[in-house]
């Protein structure tokens, strides 16, 4: 011992006989010991030295028993003993893995066990009881803070002593013998401390000690079982005697059968010569038969594994260890504990459990304190069931709140079992404790059904209806069986789980039989990707934020003089040479990295990345020219900052597991839809017909000889439900199951397992009857089967899986085509070969498989589809915002694709690549201002050609309308969501409104109006005309424009609103369709002016002339002559420009016609609207592709 510790311990006093003489500075010495304990090291050296010196046995306990009148010294000694007796697990945090720390851990535990034996004294507990009694006599007004602290320390000291584990090497006691723990309990009882515990549990003024009281009670009964306490002091019942006799009879039969088998194996005369034999039909390592060198008596037990060394099972694959077994205490201890349970249930249980539950819910307790609550619930409710059941004694825990609390804890424990692998054993034990509590709740509800009191039976029915109604309680056993893992959860847990499932199903079946229609809750979970990141990025890239960011970056770069430090230049690497990502994709990623650095206001890093990328990719001046000036670099960085660069979609590949096995998952939002459905018990049982659920039952059945008869009955009943009730006996046609059945049938004591023997014979008979019909049944024994495989095995195999064969001619054709196109530089050779094959029914997978089978390619990965790669080729590095440039991006892509693909497939691919964030970005767009149209700005080439050739954009509108109808038909074929259809119709309405400005009577409108008149819809057209005129008058009078609904007042109008031709006319006129579920009627948009409404209404008037006469276009009277002349001049100029453009493109087409046949990518050209440098000329030459097309986006397939 340390000299300072030794001197301090000597200054306490000395024990002479039974009298302890304390020194004058005894109190200061106790305080010094407390101070030493506060500064001990990780090995707990001070604690070990004090334990080796037996300071508790020789000094502290005699001080508190003989010098109780010294209150300060008594308080200090209690405080020191609370510190010395705290569990070793709290001292070290966990059981150490290091051998050195494990030794210190065991040393501290051995000292604690010596302390516990010293506390097994009635004198010590008598002093503690008297002190606690005196303190509890004080009213709360008279108690000081020191009194409350002393009460808490006494309770903690008793709890620590009871928590000390038993020493298995020292205490080799048999049942009904008194252990150290029993002697401590007896001393506690003789001192009256147990009565004080019951008082603290029941007194309303002492509710602050509820958690301490619950811990003490749970530790008092930790070695006991409710059944043992119930039967204490009572003679055995007839049922118990019969059960014991049956067990003895089964053991006797097994022993006689084994003796008989040994007698038959043993010959009359012992052979002293082993001999050598050849086993015919059993091959050795070579081609010859096995030579057997032993006696023939043990030949049946011969295997190839005889003589081999047993391989050590890896630690991660070992089965979970069982908790220590319960032992039966001495009779006098069991009797006093039984009386304690009776008094506790009568006076304390409901109140104490209520207080503890409130503390747990409000998180006013320490971590893992709910385990004491779960243990107390299961123990005392089981005791109540066995000791003359009374529902009122446990009414506090017989509520739906208790079911919910336990179910939530089971779920939490399972999640922690998967995540916290280092503490998996502790979480597994807590999960087992929660399962026992849930099982006890079900047993108590089942006991309430048998009660003679009608009110109790009604209460039970209410509880069952709530439990069976909610999906969480109804499917908890399905989940637990499916997630069972024998390496983390012990065998006892599986036993309780199987018995609980059997009880639940029996209660549910009985509950369903008395009702015709049982409605239960059903939840559908829809997961959507979180939009939080997108919204955040949108907020960061607002114009105001970008301007502020650019000012900061610009000032920083100018202050540094565009100079970079050597360390920064050397640390920046624009690409990874070891990465499998192509250089083109890394170039795009480098552009995004520059933008990210600018958004983070890291100017030098962004400039360094730009210069490094320029040195890696100098071609095309994508990152600027080699002789670029600092001012141009600054302008270049500004354009990158404001550019809408396409960011790659997040990878779908899973993240590699780390040491803890944690996986990063994409954040999702869940929307739960709750509905009600009719419950069918047989359909619910069908969910148990799954190999992942059957395996735990068969794993428990392997220990049938050690199981109780009730456990074996639960297993057999579940297997009977699957094999007989559901007629899925083929689910058990598995080799390991048959091996287990053979073991049961050949067991000498098989007569004791009649239920299992009968069931095994039934399954085997069904299998052999099936083999007469299905000769592949023996092969099926090697595999576990799901419901689909069971159906195919019993009813016949489907022929859908037959693969189409290739003829010799088709193989030769495929070989020739592959050799012809193998050297071509097409990205996807399979897509090139598919349309050239004579058999058009071949798909991609069949072609790839056949190429691999024929040996033309080594692996199918060589023919994997190339990913969509985005190239940004900016000749002048002009980054343009293209919101109002494209008219039909998707249509242009579809036209340029070499392989024919559906519109929906291309949209989904663009979304998955991250090139677009929403579907609406791919909808057709038009410029909103009519002035931009007339001036020719912001128009696509199709619209430009349409205006020049026909004078009006009616044809383009007609084509757009046809595209819209085509989109609608494709949407109906692909069954898109209603929300997307509404967005399409709404966007279509806006497009029609922008292009079909109702200023003049158009030819297509006249045609449609004429057709509707011929169809007998003059009334609805007149009603629509009146609505437009009234709305125009109202807008002129009020000066306000609001959307006005078109409300049909007659049956003819209602029928017209369901007519496709009439709705097409409304869309053509610019009317808006219902936007969402809250809108039922079409509306006149607020953007249409009163004059436009009048012009539209005039266009609905019937004309006597034929509709085809207006195809060339007649001028409206409202148009001024000057406007007509201006339009004719602009049309003439545009015609001249068009002819120049067509002539230039014709010359280029002849030169590039041969190379275009092998191009497999689509080019989308659009004109630039912004200039990147003031030094550039603003003139455009139509013949120059680089000047005409500022940016070319290549979608490479």
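Yeah, the Cβs are placed from backbone N, Cα and C, and that goes for glycine too.
Annotation comment: TrEMBL describes 236-261 as compositional bias 'Basic and acidic residues'.
Taken from TrEMBL, the feature compositional bias 'Basic residues' applies to 523-532.
Residues annotated as compositional bias 'Acidic residues' in TrEMBL: 955-981.
According to TrEMBL, the feature compositional bias 'Polar residues' maps to 986-997.
Here TrEMBL flags 19-279 as domain 'Timeless N-terminal'.
Per TrEMBL, domain 'Timeless C-terminal' is recorded for 1012-1094. Over the domain 'Timeless C-terminal' (1012-1094) the predicted model carries a mean pLDDT of 82.
Residues or ranges marked as region 'Disordered' in TrEMBL: 230-268 (among others).
As annotated by TrEMBL, region 'Disordered' applies to 522-547 (among others).
Taken from TrEMBL, the feature region 'Disordered' applies to 948-1001 (among others).
Look at TrEMBL and you will find 1093-1134 (among others) tagged as region 'Disordered'.
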For the compositional bias 'Basic and acidic residues' (236-261), distant same-chain residues with Cβ under 8 A (at least six beyond the ends)
709, 747-749, 751-752
Using DSSP, tally how many residues of the compositional bias 'Basic and acidic residues' (236-261) sit in helix, strand and coil.
24 helix, 0 strand, 2 coil
Count the residues of the domain 'Timeless C-terminal' (1012-1094) that DSSP assigns to helix (H, G, I), to strand (E, B) and to coil, and report the three numbers in that order.
45 helix, 5 strand, 33 coil
